[in-house]
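Beneath this line is the structure, given in structure tokens, with notes to follow.
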Amino acid sequence: MEHCDGENDYMQPEDDWDRDMLLDPAWEKQQRKTFTAWCNSHLRKAGTQIENIEEDFRDGLKLMLLLEVISGERLAKPERGKMRVHKISNVNKALNFIASKGVKLVSIGAEEIVDGNAKMTLGMIWTIILRFAIQDISVEETSAKEGLLLWCQRKTAPYKNVNIQNFHISWKDGLGFCALIHRHRPELIDYGKLRKDDPMTNLNTAFDVAEKYLDIPKMLDAEDIVGTARPDEKAIMTYVSSFYHAFSGAQKAETAANRICKVLAVNQENEQLMEDYEKLASDLLEWIRRTIPWLENRLPENTMQAMQQKLEDFRDYRRLHKPPKVQEKCQLEINFNTLQTKLRLSNRPAFMPSEGRMVSDINNAWGGLEGAEKGYEEWLLNEIRRLERLDHLAEKFRQKAAIHEAWTEGKEELLQKRDYETASLSEIKALLKKHEAFESDLAAHQDRVEQIAAIAQELNELDYYDSPSVNARCQRICDQWDALGAMTMKRTEALQRTEKLLETIDELYLEFAKRAAPFNNWMEGAMEDLQDTFIVHTIEEIQGLSTAHEQFKATLPEADKERLAILGIQNEIAKIVQTYHVNMAGTNPYTTINPQEINAKWDKVRQLVPQRDQALIEEHARQQNNERLRRQFATQANVIGPWIQTKMEEIGRISIEMHGTLEDQLTHLRQYEKSIINYKPKIDQLEGDHQLIQEALIFDNKHTNYTMEHIRVGWEQLLTTIARTINEIENQILTRDAKGISQDQLNEFRASFNHFDRDHSGTLGAEEFKACLISLGFDIANDAQKRTGIMDADDFKTCLISMGYNLGENEFSRIMSVVDPNRMGIVTFQAFIDFMSRETADTDTADQVMASFKVLAGDKNYILADELRRELPPDQAEYCIARMAPYTGPDGVPGALDYMSFSTALYGESDL
């Protein structure tokens, strides 16, 4: 090439270099300053710089980094040791790289650089500048130096007092530098105000403007040039070449506009997906927020009807309201994963939903919903049982209280009578016997009073809503009972005092009273038992009641004999009265029970027996129907439950097997999903059977271990698992198509993963993951590697270096922000594969977009709305105008827009 001659012209032998140094030491100072600034202008791209040019290159590390930055190529891995042999090795690698570019290094050895030889170091840097900054400059097939000089002459030709003939004294007055800047960026310098006799002002103006607006570091001070008779040619050439590169790299506006359109289209699509996610997440979280307080409400109702309505509302929630939300939650996760995949493939930062709307936030909210729901149904059923029990006890209390109150009616007046004071002896004896019979009757009623008190206590313990009225009634009964006891004792004492005066006693009346009272109590107890309500839940319980009832019926013949015997006593009394003409005043003085009452109660007992038979038969039939419902539900549940488990295991196997292409696997999974959805009618049928069971108030089922809750959770997990598996295959297809990864490569990744997934769990342990990476050709550090199954930041950086990457801290931080957007400090296998795929693909960067905007703006630091509308399609031009911030630089004009901050925001480096 023509460049080679120019290169050889300016790579002088070492003796010329030595002579230059000896002739004018000021040149060495200029070269130090210029070369240091030139090196730092490139090293800052890697996040570092040098202070002393002969000292900071001694270990070879920054020298190698400089060559990598300016060449865009990777050098051999540097030695990290501190010994001299390591430093010499690194410098040799740099010198070998320079030589590989066709540059002859005359008398420059690694040992001199390591020893800090200033003139050798400066000579080496000049060689690098010639090769990478000046050699490629060519104007009309001239050499590098001549081409650069010709470019300067042409650019400064229109300017007065500027005559560029060389790279030393032609630049001393500073007008040459100012003319170059004004020719390309006239708004930066007011050239008409410059004077040739003021070189210090001219040079400082040019150097300051170049550093501030053209990103050209200040390589010399004005004093260095003005104070030297003949400025150093190499320093001036280096400085001027920076101006050449700053002004000669524009691309065509059409290419820039196309790149911007492409970037903006991707960004618009991603923003729409983000808005859709935010809305769906917000709606789902709002529904959860409204539903949880309803499920957490444990305020009981006072009636069965109200609690059953709550249970029906909960069933509607499970059948009608929750299933669509389960689908929405699953779709939300799928949309989120798809969006993140598209962002990775388009080299965009990961999507971070607004606070409180992360997938983890939705999962936490959903977990709260599930937690509230878990105990709500159980609480409803327990409340229904409690109310059922309370209604039964309250009715029983009212029956027993009514019987007792009816029995006690008039007893106080009877006990307070003083009829014994005027009665005859026979009447006294009768009153005494009658009172003894009353005491017997009173003792017989003691159990009923205790039962009433016990029932009232139980109603209080079960928090019966009408407990105050129950307690008041119970208290009245107990107070009356105590009063009856006291009055009975008082009357007993009075009769016993009178008994000494009375001798005649009517044995028959007494015998009738003694036998009639227990029998009457027995009949009242029998009627009470026959009318007593019962509650059972199993066939065994109703059979027990039926057996007890049969045993009761077996006692009726003996009871009838007792009744006839009691009636026989009364007949004997009547016979004696009739025979001996006994003057009896009224009825039996010992009891209020008469034969008519006994017969009436006996008839009532006989009437209640068949009614009880019928009630037991009906309850037996209801329990048989409940048992049928239990078996019917259990038969289906015992089939559906194992079926769901089998399908879950099959999906797990499908997700790790490799049969055909990804499209074949996707088609297979969708057909599999369809077959699962077709099974939904069986689930609905089981829901119907479950509803019948709940309506029948059946609370247990010994024929199956599956509950409807188990089936529902299993079904929801099955639908979610198949949907997620399909989404994983779709994301693999997106990655493959976007990155050009072949099917064989994907199969290799999957085969390695499956090979080390020993337990077929779909995940890898630490050792399994390490072995899998080694099998794919990665060099993983051995003992120092933390065995967690994933790489932390330091491990990942070491891995990249081992594969040929030499990263500064800033560059490594950028890579970590891509592969670890959530800043967890770890790198997953998928993220690592995405990163490697992306590194091999041609992707857009913020700097490329920024350069494209600069072309459209005519090299200005800002751009106008009219320029955007002229170069871009209308919708994308308006998109930029709406989002670009006003330009605030000193060179701005009204309506100027800041395209630089906009470009960095597109790639997440700032806020959009």
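Each Cβ is built from the backbone N, Cα and C atoms, and glycine gets one as well.
Among the ranges 263-290, 515-542, 767-794, 823-850, the one that TrEMBL lists as coiled coil is 263-290. Residue ranges 113-147, 428-462 are listed, and TrEMBL annotates 428-462 among them as coiled coil. If you look at the coiled coil (263-290), the same-chain residues 6 or more away from its ends with a CB under 8 A from one of its CBs are 325, 328-329, 331-332, 335-336, 338-339, 342-343, 346, 348, 351, 353-354, 356-357, 361-362, 365-366, 368-369, 844, 849, 872, 876, 879-880, 906. Summarised as a single figure, the pLDDT of the domain 'Calponin-homology (CH)' (142-248) averages 88.
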